[in-house]
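K.L.:
Take a look at what Swiss-Prot says about it:
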type     : residues                                                     : note
ACT_SITE : 198                                                          : active site, acyl-thioester intermediate
BINDING  : 92, 93, 94, 95, 96, 97, 98, 99, 167, 168, 169, 180, 181, 182 : substrate binding site
DOMAIN   : 54-238                                                       : domain 'BPL/LPL catalytic'
SITE     : 164                                                          : site 'Lowers pKa of active site Cys'
């Protein structure tokens, strides 16, 4: 039975996402070179199928993509304002977003049957993972019930202004999660202007990054914070083997 919580995400018990004691550690992989989107999706789909079949352990895969746009299951063609980069349709939830160098994408392949088969609790846990990661850099990230993702307040821009610093888009297949999160570390923010990001056209809601907020961070700093925060929420990790996914 599919379990979908109806409570506000901020009240959900995301701590229940840890697996039972004695479960294998989650593999933690980092790709140093940009990964083409079709290649990433094919690899992710294959790994998720292997996890569902009991033939592979869970995996978190950190990477960057070359510049591109993706349209989720709620995407609208009208939200693509300029055809700057390739556009890929994808099975994740959500609308249009940008991926490119300087953005840390984390594809998360977890078996929620072994954890907690609850879509909203899982999304809340992903949000908490991002919030805890940002906290390591003294950035206060916040969730919004009407806007999935993580936001930072921008009083310097005006009353009620907020910028999105991280996006979330997920898909579940046989209760194994696919896709995941994207945190803006130092991407070219002008590339977001070619789309209506996540369908949000309100001028009070923009896009930002850690570097845009004045943080002198590099991707390695973010990766360290991501792993520590992940383990607090989802459990133990281990470095993936050098070859293969």
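The backbone N, Cα and C atoms fix where each Cβ goes, glycine too.
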K.L.:
Determine the C-alpha span of the substrate site listed in the record, that is the greatest distance between any two of 92, 93, 94, 95, 96, 97, 98, 99, 167, 168, 169, 180, 181, 182, in Å to the nearest whole number.
P.N.:
15
K.L.:
Quiz question: given the binding-site residues 96, 167, 181, which has the greatest number of C-beta atoms lying within 10 angstroms of its own C-beta?
P.N.:
167
K.L.:
Out of 92, 164, which of the recorded positions is least crowded by other Cβ atoms within 10 Å?
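P.N.:
Sparsest of the recorded positions 92, 164 by Cβ contacts within 10 Å: 92.
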K.L.:
For 94, 169, listed as binding-site residues, tell me which one has the smallest number of other Cβ atoms within 10 Å.
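P.N.:
Counting other Cβ atoms within 10 Å of each of the binding-site residues 94, 169 gives the minimum at 94.
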K.L.:
So what's the average pLDDT for the domain 'BPL/LPL catalytic' (54-238)?
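P.N.:
A mean pLDDT of 92 is what the predicted model shows over the domain 'BPL/LPL catalytic' (54-238).
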K.L.:
Please work out the number of neighbouring Cβ atoms within 10 Å of the Cβ of residue 98 (substrate binding site), leaving out its own Cβ.
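P.N.:
Here the count is 26.
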K.L.:
To the nearest Å, how far is the Cα of residue 98 (substrate binding site) from the Cα of residue 164 (site 'Lowers pKa of active site Cys')?
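P.N.:
Residue 98 (substrate binding site) and residue 164 (site 'Lowers pKa of active site Cys') have their Cα atoms 12 Å apart.
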K.L.:
In the three-state scheme derived from DSSP, which category covers residue 98 (substrate binding site)?
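P.N.:
Reduced to three states, the DSSP call for residue 98 (substrate binding site) is strand.
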